[in-house]
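**Student:** Once you've had a glance at the structure underneath, I'll fire off some questions.
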């Protein structure tokens, strides 16, 4: 998972450690982890409101670089805060701050630059929209790494940030779902709950890659909390996810396109849980990144089908 990608190979050597801090150089698909919940939220509102195609496309394209920058900022902040913990976790000992390739001061300046870029892009793309997600995303990324030191449930907070960003993103296409008729608002909230559970599920799979190191180092995680009965908990989460996406579609009176995407997405999560070996760290990483992308993309595809049907 950590062999150098073509992105890193193409960069001048001094820039490589900074690209590594953002994780994008090693794992380009990682950007989708933050983007797809936003895409799902936008497409849901577009589908229920029957918005013009141009509005949908513009918003989806604008949020892609935004999610990239917010994700990069969060990764840098996480590495700054977790330096002492990363030294104790084998998978993280290659990171630039741990190996001394980037100083803490330089990393802080880099994070500040990314935060400034995120604010600039948000205000440029959506000058007339309330940017509530800006302080939520920026402050939330600072709070999250410290929660891991005090609780096993920091992941729930992270998943909430994804959902909250998606809700605010959906307002940038010119329709306020919070003012929609009750059945449409219900559909949106059910879908948000489903996305929350999906993110918690795949992130928990990912956290099993570091389970032994986390236990030895005293690092909190949901994987640590549910060790010994992880599979039953994840299966329950998969069932809950499937139930919520179906209920959301029924509330919004969606058609075959949505339900095709929703059902295949739910089956994907169930299959991930069934097939993953939680004691195989590499498999946990692969299932997290590829699984997250596939199950959220299927859900987004179903919603897109409703938009153009």
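If you go along the chain as it appears here, the first residue is 1 and each next one adds 1.
Including glycine, each Cβ sits where the backbone N, Cα and C put it.
Okay, so Swiss-Prot annotates it like this:
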type	residues	note
TRANSMEM	29-49	transmembrane segment
TRANSMEM	101-121	transmembrane segment
TRANSMEM	125-145	transmembrane segment
TRANSMEM	150-170	transmembrane segment
TRANSMEM	189-209	transmembrane segment
TRANSMEM	232-252	transmembrane segment
TRANSMEM	254-274	transmembrane segment
TRANSMEM	288-308	transmembrane segment
**Student:** Please give the sequence-distant neighbours of the transmembrane segment (254-274): residues at least 6 beyond its ends with Cβ less than 8 Å from one of its Cβ atoms.
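**Tutor:** Sequence-remote neighbours of the transmembrane segment (254-274) are 47, 198, 201-202, 205, 231, 234-235, 237-239, 241-242, 245-246, 248, 287, 291, 294-296, 298-306, 309.
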**Student:** Give the one range among 29-49, 101-121, 232-252, 288-308 whose Cβ atoms make the most pairs under 8 Å with those of the transmembrane segment (150-170).
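**Tutor:** It is 29-49, which has the most Cβ pairs under 8 Å.
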**Student:** Counting a contact as 3 or more Cβ pairs under 8 Å, with residues at least 6 apart in sequence, do the transmembrane segment (29-49) and the transmembrane segment (125-145) touch?
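**Tutor:** Contact between the transmembrane segment (125-145) and the transmembrane segment (29-49): absent, because fewer than 3 Cβ pairs are under 8 Å.
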